[in-house]
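Encoded as structure tokens, the structure appears first; notes follow it.
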Amino acid sequence: MKNKECCKCYNPCEKICVNYSTTDVAFERPNPCKPIPCKPTPIPCDPCHNTKDNLTGDIVIIGAGAAGSLLAHYLARFSNMKIILLEAGHSHFNDPVVTDPMGFFGKYNPPNENISMSQNPSYSWQGAQEPNTGAYGNRPIIAHGMGFGGSTMINRLNLVVGGRTVFDNDWPVGWKYDDVKNYFRRVLVDINPVRDNTKASITSVALDALRIIAEQQIASGEPVDFLLNKATGNVPNVEKTTPDAVPLNLNDYEGVNSVVAFSSFYMGVNQLSDGNYIRKYAGNTYLNRNYVDENGRGIGKFSGLRVVSDAVVDRIIFKGNRAVGVNYIDREGIMHYVKVNKEVVVTSGAFYTPTILQRSGIGDFTYLSSIGVKNLVYNNPLVGTGLKNHYSPVTITRVHGEPSEVSRFLSNMAANPTNMGFKGLAELGFHRLDPNKPANANTVTYRKYQLMMTAGVGIPAEQQYLSGLSPSSNNLFTLIADDIRFAPEGYIKIGTPNIPRDVPKIFFNTFVTYTPTSAPADQQWPIAQKTLAPLISALLGYDIIYQTLMSMNQTARDSGFQVSLEMVYPLNDLIYKLHNGLATYGANWWHYFVPTLVGDDTPAGREFADTLSKLSYYPRVGAHLDSHQGCSCSIGRTVDSNLKVIGTQNVRVADLSAAAFPPGGNTWATASMIGARAVDLILGFPYLRDLPVNDVPILNVN
């Protein structure tokens, strides 16, 4: 096409001609009908598409993930509007890899294709991060679900609300915990997650150990430590292990249990009448055959809903700052146009929501212009910035003892549908020696670590080899101190203006070292403290696990087990030196990450600095970024408190990318909460906030 202002695209099926602007999409087809004179226009108009397949919606939702599936369901139920939901993937409702809880672990995979859904492009976008200099240049793939349910379709379905504190302290007005708790309750009753009631000796031993540590921390008088919960006072918030004990609820309605230890997580799994289990996730909760037929058309009172699968969204079409349509590409590579009457809601996740906005002309004008985006709508360099995630430093522990005793101690650790591999363990606060704990941590209990226990060796294969740890060993288990207030921020940028299937550029640098300058030491320490925050957190997480294991050695013996526990990854000797160094150097222990600046040339000082240096290797190679990405289009930066994209009339973002701060644990409950809140914001009435808890979607397993 030569005319840069306005061209004609001729539809070969209908023999009609429609305006088409090359300032929007570079796309053309043969012209079987006569050219019609065209007056130049600066306004983008409909691209070439098959008019037989044209759709028009009042609300067009982009992405059927945790938020988008819920949003489409309830908008269709509580309004007479025409709702169109576009999803790049499939439904997978009859795919046992998705629906069977054990399918997650490869039950149905061919032996030579034993990959998880998160590693399989049939189920997820394979978003490789740009080289991470803080992790030796690694480029990890961070899973992003592609199909009905989004990432809820491919993950372990650990449902965690996150506690009151993160919302009351890190989220803006209108999004405090009391504002959102009913929406969390809505998600919980809709999913109806299960808890594993299988007793595991190791879990009971660990809970008894954590209770002892909590009692010691309370007695110490320290204002902050990892098992202190201000909301429960001088009572350890640790589940008891007596036969009549009541399980503690990490997802309590009032959000009191920001710090709590428990025997089992909540898993998005339901038991069927025949005794079998099915994974319960956003897709089969809100879009099942009770509500949407096999052709994607809504049923009964959901007849206003249309779900289009295999629809990769290219961009939103604007007239001025008002969205008038959405372009998507079907599985055959044909471009389609959906007309928008009221508004567009983007629910494509933390990676793809900002990329759709950027391709649509919302973002940093300087950068977007440089890569060829022509139709610039609103200049906001913050779109795609502020990306946050959780990070999981992993430890491996060996159980020593007679084989029969080790087997007895580790019994009931196997993955099953109700635990999905996790055997508890705790939501923890800040370590007392973390220099980066919030200023009000003396009065408010923050959730900092999610402690999880699972069987086997949970580190990458190359680390197993280098450490001499065999995955077939039957005397090893994994403890993970997931850093759920991980300090680094990343950002996302599109690489091209017109290839929606391209993975965007994902920049996230994890563990940065601090290089001293010539400035006085007292001026450098505040900068070093923030720069080293990720490493500080990781090593303190190791110390928390070490303290737990040392206490477990005692409680295991008290429970009649003739075993002993030794951390083997990281090496026990290094963790022992770290623990002793924390006691020796106190609040300034972390200064020894920068030995030239601390100026301690004593043998003990040099050894501790060397210990920190060696331990820094482990979180860089034996840990991973979770698939908990969010905050890349957050409230106050890209969207306002009503989730409307700043600078537009009628576009919202209603997924985890809009989060003001990462939730305290696994993220899909928070993504769903945002979608639920968006229903009421769009409809202008608290339908979901006030919906009775017994009014829930009905599961259809056919």
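Sequential numbering from 1, following the chain as shown.
A Cβ is built for glycine as well, from the same backbone N, Cα and C atoms used for every other residue.
What Swiss-Prot records for His628 is active site. In sequence order, Asn389, His390, Pro662, Asn666, Thr667 constitute the residues six or more apart from His628 (active site) in its chain with CB-CB distances below 8 Å. His628 (active site) falls outside any helix or strand according to DSSP and counts as coil.
Counting only same-chain residues at least 6 apart in sequence, those with a Cβ under 8 Å from the Cβ of Leu86 (FAD binding site) are Val60, Ile61, Ile62, Gly63, Ala64, Val308, Ala311, Val313, Val326, Tyr328, Val338. Annotation comment: Swiss-Prot describes 58-88 as FAD binding site.
The annotation transmembrane segment is assigned in Swiss-Prot to 55-75 on the grounds of sequence analysis. Same-chain residues lying 6+ beyond the ends of the transmembrane segment (55-75) with a Cβ under 8 Å from its Cβ atoms: 81-89, 145, 147-152, 187, 190, 282-283, 285-287, 291, 302, 305-308, 313, 316, 326, 336, 338-349, 352-353, 356, 654-656, 668, 671-672, 674-676, 678-679, 682-683, 687-688, 697.
Tyr74 (FAD binding site) has a Cβ environment of 25 other Cβ atoms inside 10 Å. The Cβ neighbour count for Phe78 (FAD binding site), using a 10 Å radius over every protein chain in view, is 17.
The secondary structure of Phe78 (FAD binding site), as reduced to three states from DSSP, is helical. Ranking the binding-site residues Ala66, Leu70 by how many other Cβ atoms lie within 10 angstroms of each Cβ puts Leu70 at the bottom. Just so you know, of the binding-site residues Asp58, Ile62, Lys82, the Cβ with the fewest other Cβ atoms around it within 10 Å is the one at Asp58.
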